[in-house]
Structures are given as C-alpha cells and as structure tokens.
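A.B. asks: In case it's useful when we look at the structure, here is the feature table from TrEMBL:
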- 1-278: region 'Disordered' (REGION)
- 71-80: compositional bias 'Polar residues' (COMPBIAS)
- 136-151: compositional bias 'Low complexity' (COMPBIAS)
- 155-167: compositional bias 'Pro residues' (COMPBIAS)
- 209-225: compositional bias 'Low complexity' (COMPBIAS)
- 253-262: compositional bias 'Low complexity' (COMPBIAS)
- 366-404: domain 'Zinc finger Sec23/Sec24-type' (DOMAIN)
- 443-687: domain 'Sec23/Sec24 trunk' (DOMAIN)
- 692-776: domain 'Sec23/Sec24 beta-sandwich' (DOMAIN)
- 788-887: domain 'Sec23/Sec24 helical' (DOMAIN)
- 909-959: domain 'Gelsolin-like' (DOMAIN)
Amino acid sequence: MSQQGYVAAPPYSQAQAGMGGYSAGFGNPPPQSHYGAYGSPPQGYSAPPTGVLKPPASSSSGMPPPPVSSQYGANIQQNGAHPHSFPPPVASAPSMSPYGQPPQSAFYSMAQAPPPTQQLTNQMSAMNIGGYGQRPMQVPQSPSSSAAPQQYHTSPPPAMGHPPLSPPGQQLSSFGSPPPMATMGSVAAPPMGMSGPPGPGVHQPPLGPQGYPQQPGSPISGPYGAQMAGPQMAGPQMAGPQSGAFPGGFPGGPAQMAGPPQKKLDPDSIPSTTHVIEDDQAKRGGQVYVTNIRGQVPPLVTTDFTVQDQGNASPRFMRCTTYSFPSTADLAKQCKVPLAAIIKPFATVPKNETPLYIVNHGETGPIRCNRCKAYMCPYMQFMDGGRRYQCGFCSCVNEVPVQYFQHLDHMGRRMDLYERPELSLGSYEFIATLDYCKNNKPPNPPAYIFMIDVSYNNIKSGLVKLICEELKTLLDRLPKEEGAETSPIKVGFVTYNKILHFYNVKSALAQPQMMVVSDVAEMFVPLLDGFLVNFQESRAVVNNLLDQIPDMFADTNESETVFAPVIQAGVEALKAAECSGKLFIFHSSIPTAEAPGKLKNRDDRKLVGTEKEKTLFQPLRGVYEQLTKDCVAQGCCVDLFLFPNQYVDIATVGDVPSHTGGSIYKYSNFQVEVNGQQFVSDLRRDVEKSIGFDAIMRVRTGTGFRATDFFGAVYMNNTTDVEMAAVDCDKAVTVEFKHDDTLSEESGAVMQCALLYTTIGGQRRLRIHNLSLNCSSQLSELYKSCETDALINFFAKSAYRAMLNQPLKTVREILVNQTAHMLACYRKNCASPSAASQLILPDAMKVFPVYMNSLLKTPTLVGSTELSTDDRVFHRLLVNAMGVEETQVLLYPRLIPLHTMDVSSDAIPAPVRCSEERLSESGIFLLENGLSMFLWLGQACPPDLIQNLFNVPSLGHLSSEGTESFFLEGLLRNQKFSDLLIIF
C-alpha cells in the first residue's frame, strides 16, 4: 500500500548509502545487534519472509480490502524541492544493487555503509533522542516563526486522528514531551537540507558535546570521545546535535564538509502534538464511539467522546499499542512494535454513559468454557439449535446448561441476545458464588485504618493537627454502595513513633482508650472489640479522639520511627477482623529505630552513571518482601503519604504499596501553609474513590498468542494470576503479549480480562472486559493501527522495570534502538521510495519520537546527580501504576496561555506547544502535567492581569507569601479549571 511519509533531510542534503533505495541491502544484519528485549540476549535483524507483506488481505469485517495498485506509489508529498547542494560523493567501491535486488555481497554491503536501522538511529540522534539529560534542567530555545502550518495530504479514516510533531528542541526539565494520535499513512515534512526553502527562523549554531556552541563543519564527538565523520542529522525535535547519544556515527560519510551554515526548520511546519490533539478533538470530539467493529482505533485519550458498548470493552477500560496484530511471530519480531494492552479495570465511567450491568446466574454461577475457563461473552458461537456453543478463545465445543438454553433465530443468534449483557456487551459483571470466596464464606465489608506518625517533625510542622481536623469531615464521605445511605466500611486509628498506640473507640465509651505496644519485634493487636468501628455509630468517640491526638503528643521530642511493624499491625488487625481493607500511613522519616525493617541511609550519589546505579532503585528484601506477601494474602492495601525532609529510601518503604495496589504521595519539606491544601485534596480523593478489594485478575487470549508479562502495582505469585490487595479507578495494568502460533486473519485476536474482587459492601463479583482485534500479514496495517499513547506507556513501564537489573545506559540504548528499528522497518516495508537522506515516520507514530525523547528525559532515566534518588524512585513507582491518560500528560505537559482566556466563557484556552519559544514577555502561562503546576509570568505582563490574578498592582509587588494562595483560590472558584487543577 502506497503511503506518504514524514520526511526530513540531513544537513547539506548529503546522500547516504543504504537508505532510501536500500542499495546497501536493508535486510542484512548490522555489525552489532541492539534490539534484544530487556534482559534477553541480542538478536540479529532478519529480513522479512518473502511474500508475507505484499498481498492484500480481506477485511475482518467482511468488507473488501482497499485497492492496492502497487507496494509503492509516486504520490509522496514533500515541502519544497530537494536537490543536492553538493554533488554526491563518488563511490570508491563497485556500484550497488538497485532497490529490490539482493546486494552483491553481504560483507561488502556491511562494510560500505552502516545498516539501515543504524542509519535511522543516526538520524534520530539528531533529534536529541539519547541526549540523556546532559542539561536536564534547561529548556533549549527554538526559533520563532510566523509561517502557516504545512498542510499534510493524507486521508485519515474517521477512527484516527491527524497528528503533528512537536517543535525542535522540545525539552522540559522533569517533564517530557508529546502525546498520541493515530492516523493513516505517513506525513511529509520539509527537507532540512540547504537546498530546501529558506526558513524564516533564526539560525542557531548546533550544540557541541557539552552544550556549547559548535562551529559549522567542526567534528562532532562520538560516544567515546572519538570524532564522528560527517555532520549530524537535523531531524524533527532537534535541539542541536549532541554527542554521546548512542553508538553510531556515519561510518562511510566524509569527515568534515565545509559549507554554508545549516538552516533550521520552521517549527510551525512540523507536525505538532497540540495540533494532533486539537485535530482529533475536532474530528471525533463530542461523538459517540460505538464498539461494534473489531480492531477499530479509538479516539485519543485527550478527546472528549461518549462510548456506546456494543460488544467490545470501552477504551476507558482497555487500550492497545496496535489494533491490528501481526499474524505471525516472525512478522512481530521483524517490526519490533510491542504488542500490549493497558487495562484499567476500574476506570471511571462518565455520568452520560451506561454503568456496567450486573448479571446474576444464581447458585450455578457464571457460564464458563470447560477447557480454557473463559467466561460467557459475545465471542461464543452457539450451534445445534442453541444446545451447544463453541468457545471463541480455545474453540472447544461446550454443552449449554439447561437453565441457560435459548432457541436461535434464522441468523444463528440466540433469541435473548440483547436481553443478556454477557452476550451483547464488552464489559459487565457477574455476581460470584461461594466457590469464588475464601474458605467458601462470604467476605465481610472492608476496613480503613489510619496510622499517623506522631514523631517530632510531624507535630512541629502542624501535620498531625491537619490530619485530625480533616478526618472529622472526611469520614462522612467514605465510599458506599450505589443507593446506600451510609458506608459499611469500618475505621480504626493508630499513632506511632518508636512504639505503637492503638485506640478503643467503641460507641459505648465516653472517652477513647489508648493501648500501647512497645514490643515492636513481635507485633500484635492488643484489642479486638472496639478497634474497628462503624463511624456513624462511634462518631462522638472518634471526634473526641481526633481532638485529643495533637495535644497528647504536643511536647514529644521523639524523632525516631518504625515502619515495618506499623504495616504488620494493620495486617494483624484485618486478620483478626477477617476482612480486607486499606492502611493510610502518614510517615515522615527513614525508620531508624531498633525494630524489624530498620533502614540505613544508602543514598550514594557517586553511583550515578555507574554500573551500580541500579542498586539505588532496588528495594531491600527480607522483612518488606514478607510484608508484601502477607498484605496481598489478606487483601490489605497500603497507601503511603510521605513528608520527608531528607532521604527516606522510597525504594524500600514504597515497595509494599507498589505491590498491593496502593498509592504513594510525597510532600518534601512539608509546610501546612504551602502544601496543606494539596495534601488535603489528595487525601480526600484517595479516601473517596471507587475501589475493589482482595482482587485477582487473569487475562485470557485466543489461540495463537498469550499474555507473557505484566506491569503495574501488582503482585505475581505465578505467571498467570495478577494479585492486587486492592484495585481502584486510577490503577492500570500493562499486559504484553507474544505469539505462540499463527493468528487467523479471519477470526482475529480476542482477549478477555476477568477481575475477581470484593465490593465495598462485601459482595464477591467478577468484572469482565472483552476486546477483539484484527490480524494482518501486512505491516502497513499494523503501523496504521498503532496508538502512540499506549506505546509510550508500555515503553515507560518496561524500561522502568529493566533499570532494576540493567545499567541505565543500556536501558536508554535499548529504547533508542528499538525506536529506530520500528521506524526503519516501516520505511522499508510500507513507505514509498524516497531520497536516501530523508527520515520517514508512520503517520500514526509521527509524534512518537517526541514521546521517546520525553521519556529519556524523565527524572528516572536522566542520570543526573542534581536529582535526588528519592525523587527518581518516586517517579518510577508513580508511572508504574499509571494508565494511558496519565502518562500522556506527564510526558507532554499542557502549556496554557492564561492571558488569552475569555473570562465570560467556560472554555479553557487551547494549550500551545510546550517549548520556550512559545512563551511571550507579555503573557502569563500555566504549565501542568497532572502532578504539578507552574505559573510563568512575562516581564511585560499587563498590570490589570496582575491585579486580577494576584491582587497586587504590578510584578514588582509580588512576594512568595499570600499571592499564590490568592491566585489558587481564584482558580478554584473558576469551574473551568476544576478538573485541571491538582497542585500549585
């Protein structure tokens, strides 16, 4: 299929052997193989099997395939002419074979020019993919331009957006770059050579190895200090060529070419992430997305749309890296596009969409396949007059239970098809029988235990008093079943420093009673009756306790704390009550008191950049590993609120929350006046959000592929069962799939996520999500169906896991090389022939390099001693549990020009590209990434704007006290920012 491509040329439009016409033999293996999966041995690059990619395949929906005149077409769009500024270098070796013919010699082709994958890697190095934070805290400048955006001549289907790429030099300290999109074909960009149309931008000399200006034509240092022959590529998102990005210069290129200075691209002519989002919103926003078509690509996560479930799960619950799986393992290995699904089983359903139906089959329980145990779903095919059905996953033929029998219509469908959610919808719930309960007994409602660190720092900062005051009102808003008046959740309270204090708050008492456990080595709960109570019944006693706690410890001088015994106490309390639940732990310092789980400061900045850097991210095992197992077995989720003033070893203390479905919040150098509102907001949402307890998830697939790896805040006791002490509406699990046989293009690929959990009311349920995808033997279909947001979510989580066992340098190289390999495979197999010097990106992945650039600049992967170890670990644990929506905005923050806001409208101003050149001296910009917000004020801000926002006459009157709270309150009063505001 002929597709247009995103095209970029290197400086001076110099031709390169081995690209474009592939005259150097694309299929030959590179001298070094970089494309092995994390932890696996390197693998050589193999040529695609003959005859696999070319023939068209019939559509899965029964429609005829699109017309294909030839594999390549001549309709590639380029912006401007692209003649060579210099005559091509004279080849010193025999002429190379034309494209499509085998090279004369594999050895000769490898020696003559770098492998195409490596050449594409070289091109990507100019995009600063691999610059690994040489200047992590600086925002490089980009040239400004008033040129109109380039029109791209593609015909995206309605199911896909039309993305652009973000501007050159996109780089934001701890944030990153761009988001998703999905569109058809690829996009042509203006050539970057000297002969292209002159850009209106201001010329900047490229940056040298250490960020200093580099003179045009001067040699550029290679990864190990050697000079790389030839100038660097100037691709999109280029912040200046930098050395040390990754191995691979231009082995066959001229050493130093003299010539006029390189001209920069007009950033407005490059596809932009913000334009991608806006285009998708314009095309698909406000529409109803119907899930009755197999393998259709959903709108972007940033688009406002409504889902109508008609047989496949909503993209709010399941998103995939590609919606057209390759039909064979060889094809998957060739393209290197990861096959994965990001599953958020408890995702919030908007009020304008139908909530999940609940199916009750009584004592017999849900209908399941006898062989693979898949649950009844729309993919089951009924036969023999409705007496039997064939499983859509394993093809086993099962007998229909007598009580479930129904006649078939003339189309072979059950007469009650639309009366049964499990036969017509992609997502629904079954009420589980006692067979699905522990010890065949119905579970008790869960409990929430609040465990407060009352050491010196927390008392002095006012944190303890703030927590107690907030709990008085927050306990009235505990989650409850729909339609219920009160919450069945029981609550308990513990305070601790070196010892633990338990409180009896039984409703019959006039005053709360404290019971102290000083033997923390053998933790036990000193009371059963009166520790976990119903808040409505014991309201007076609980409020009395919350009033007394700050005063009881007001004069404390104790600064040492314990940690592991605190979690152990919570687990023992839930065991005694025979229920699951959640621990809310408010902790401030590294546990140094003599007790199990005592920790020492192991923060050594000298390890950064060395082979041992990975040890900084590895948790200490032993006590904490056993605690994790105990928590998961009991259904005890741990939410950790940290208030550190120095290193607290988040890698270890955060290990239990990150494996029990819990959350971690961090407020460094906490001050009530500065961080209090943010903390209270986080605590409220954490307590109130929908949640399920004691959960086990299994992902079943059709024949030909299987789930092989799982990433998230989960615990894996075996290779198939994903165990979570709790799962809430924010937690996502990323599942990777691998082939074990050939997939059928006719039947496609089907998967089913089954989550067994306990509700707030103590009922055992099964939540089912089903999804069907296309399968194709044509790589063009796979690339066309990719979703960049989901891809970067997978790459982030897989890289963050790999860094526990491999050096960061290796992890970064794998990311860069796999990205280059994916794009090289697209160029060879899907794109039209083009100049050898041009970089071509799939249209559905044209902002993917910006995402990857962002990922490489995240705090976790930037090997910088300026960043604290705890901050890097915290970011790693945070991303590990994120869904697609969260990683999208985290990697490409929103930059909102507040000065353009229409106060009479409810609309938030459209975000602009996230680059320094978009900032104006007369403007006010709000930057937010879902975790933090920053306000940028231009020196020439109009006084009336300053007056309205901060209640001061000018910028000179601004101070750090008072003004930010005034601005924050103004934003909170404005409904248009209610969903946006998280922290200031």
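Cβ from N, Cα, C; glycine included.
Annotations in TrEMBL come from automatic prediction, not curation.
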A.B. asks: Might you confirm whether the domain 'Sec23/Sec24 trunk' (443-687) is in contact with the domain 'Sec23/Sec24 helical' (788-887), defined here as three or more C-beta pairs under 8 A between residues 6 or more apart in sequence?
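C.D. replies: Answer yes: the domain 'Sec23/Sec24 helical' (788-887) meets the domain 'Sec23/Sec24 trunk' (443-687) with 3 or more Cβ pairs below 8 Å.
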A.B. asks: May I have the DSSP-based helix, strand and coil counts for the residues of the domain 'Sec23/Sec24 helical' (788-887)?
C.D. replies: 65 helix, 1 strand, 34 coil
A.B. asks: Mind checking how the domain 'Gelsolin-like' (909-959) divides into helix, strand and coil residues in DSSP?
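C.D. replies: Summed by class, the stretch gives 14 helix, 11 strand, 26 coil.
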A.B. asks: Per DSSP, what is the residue count of the domain 'Zinc finger Sec23/Sec24-type' (366-404) in each of helix, strand and coil?
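C.D. replies: The breakdown for the domain 'Zinc finger Sec23/Sec24-type' (366-404) reads 6 helix, 11 strand, 22 coil.
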A.B. asks: Are there residues at least 6 beyond the ends of the domain 'Zinc finger Sec23/Sec24-type' (366-404) whose Cβ is under 8 Å from a Cβ of it, and what are they?
C.D. replies: 311, 359, 412-414, 422-426, 430, 432, 700-703, 750, 752, 754, 766, 768, 770, 772
